[in-house]
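In TrEMBL this protein carries:
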type: DOMAIN; residues: 15-489; note: domain 'Major facilitator superfamily (MFS) profile'
type: TRANSMEM; residues: 17-40; note: transmembrane segment
type: TRANSMEM; residues: 52-72; note: transmembrane segment
type: TRANSMEM; residues: 84-101; note: transmembrane segment
type: TRANSMEM; residues: 113-133; note: transmembrane segment
type: TRANSMEM; residues: 154-171; note: transmembrane segment
type: TRANSMEM; residues: 191-209; note: transmembrane segment
type: TRANSMEM; residues: 245-264; note: transmembrane segment
type: TRANSMEM; residues: 284-305; note: transmembrane segment
type: TRANSMEM; residues: 317-336; note: transmembrane segment
type: TRANSMEM; residues: 401-423; note: transmembrane segment
type: TRANSMEM; residues: 435-459; note: transmembrane segment
type: TRANSMEM; residues: 465-485; note: transmembrane segment
Amino acid sequence: DVVETQEHYKSRWRSIWIMYLTMFLSSVGFSIVIMSVWPYLQKIDPTADASFLGWIIASYSIGQMVASPLFGLWSNYRPRREPLVVSTAISVAANCLYAYVHLPRSHNKYYMLTARALVGFGAGNVAVVRSYIAGATSLTERTSAMANTSACQAVGFILGPVFQTCFTLIGEEGVTWKLIRLQLNMYTAPVLFGALLGVINIILIFAIFREHRVDDMGRQCQSVNFGGEESGALDQDTEGNVDHVAVVALNFLFFVILFVFAVFETIATPLTMDMYSWTRKEAVFYNGIILSVVGIESVIVFMVVKALSKKTGERAILHGGLLIVLVGFFILLPWGKKLPNIQWQEIKNNSVPRTTSIETLIPFWSLQAMQLPSNHTEEPVGCPVTQSWCLNTPMIYLAQYISSDILIGLGYPVCNVMSYTLYSKILGPKPQGVYMGWLTASGSGARILGPVFVSQIYTHLGPRWAFSLICGVVVVSLLLLEIVYKRLIAFSVRYGRMQE
């Protein structure tokens, strides 16, 4: 072991900051279109329904789930610059593809599905980022570094919807560059901006990023790509086995945390369009503002968590975060008596002209119970009658929705950063690329099942069933945390090399 030099320290933290940027851009790639996927999908392919939206959102995570262990394994044996550059280049190309999904004459929804899956595949570099930061920080630096990483991820989630909101000023039609057949509008401009950020990231990785590694005490270790060498040998003492019970438990807890947040993200636009009769453009704009405010709240939470964890420990904070998330979803249950406005739209029958009478379209409904909205426009608004629960489920009031946003925005970042911190400490000095790949894959699996779950349960059974089941899942995760609580300790503490 070698005492760390000042030069090494500065280079190590410059490289960590490049990893922060990469994490930020990865989350921007996801969130920059999340509010507009549904209206854009409806615009380019009228055959797409809410269930297919779930697959569109999930495709990102399918790509990330497949790529994360692969990139993690790659980073264990080769310089991390390689998987970082390749993954970012894939994301840039996929964003460009997304900008052209309107061109084909049919099956446009499948082109969008492919583009989002490839963006997710590129985002598999999150495993590389997390494993690098875990290996390049001492045990005392770890919580702060992981909190900063999660904060950068949260800022990406904040600014993604903000960028989308700004780009709504271009409008749905926008302008067309005929030479390259590019439509620049509120749906395509964000992804092209994301592609530009990806190119900048690649340049910075080549120019600044270097490979570094320190042990739990902060002592410099031989590593890939430092001092001009590209040897993967480590001189750290790695004796001892990882507690795999704790590893599996944290993978499950992380799955639950990402699952409930994926449900929250996916449901925002359809829920507000159904409950508050917002148009596509209004839903994108207002949810962009709401989630941006929630994101700012999350960044503040990340900063507070760094100081709070030194007093209470990561496990207690994780427990509190899960309780807050539980309360957030409990509040979101429909409690009132007022029903949402019903959408005046043909029941998926293109052969029926728009002038057809309502009596012909909805013979099974008591027309006396419905009132035509005074602001009725060509774009149908409200809760569609094809979702049968709209007829008997009370609406979720805006105050409920905003209160839930605030609580989930408080609980989710706490759970996120504590999960990563505990996980990296449990793994200790072992190469963490593959392990971080599996953790990222667990989160990606949650992002797959979350949107699919919500698109199916919400569409067919309504918000009462959807949010009740989410509450049940969080309760199970709290019970698991109680069972494994004493095992969630750092590798060095477990083997008596350091005191907790």
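Note that the numbers count up from 1, one per residue, in the order the chain is shown.
Cβ coordinates come from backbone N, Cα and C, glycine included.
Automatic prediction, not curation, is the source of TrEMBL annotations.
Only residues 6 or more beyond the boundaries of the transmembrane segment (17-40), in the same chain, are considered here, and those with a CB under 8 A from a CB of the stretch are 50, 53, 56-57, 60, 84, 88, 91, 95, 98, 112, 116, 119-120, 122-123, 125-126, 129, 132-133, 148-149, 152-157, 159-161, 163-165, 186-187, 190-191, 193-194, 197-198, 201, 204-205, 208-209, 265, 268-270, 280-281, 283-284, 287-288, 291. The stretches the transmembrane segment (154-171) and the transmembrane segment (284-305) meet in space: the count of Cβ pairs below 8 angstroms, excluding pairs fewer than 6 apart in sequence, reaches at least three.
Same-chain neighbours of the transmembrane segment (435-459): 50-51, 53-55, 57-58, 60-62, 64-65, 68-73, 120, 124, 126-128, 130-131, 134, 242, 247, 250-252, 254-263, 265-267, 270-271, 387, 419-420, 423-424, 427, 465-466, 469, counting only residues six or more beyond its ends whose CB sits under 8 Å from a CB of the stretch.
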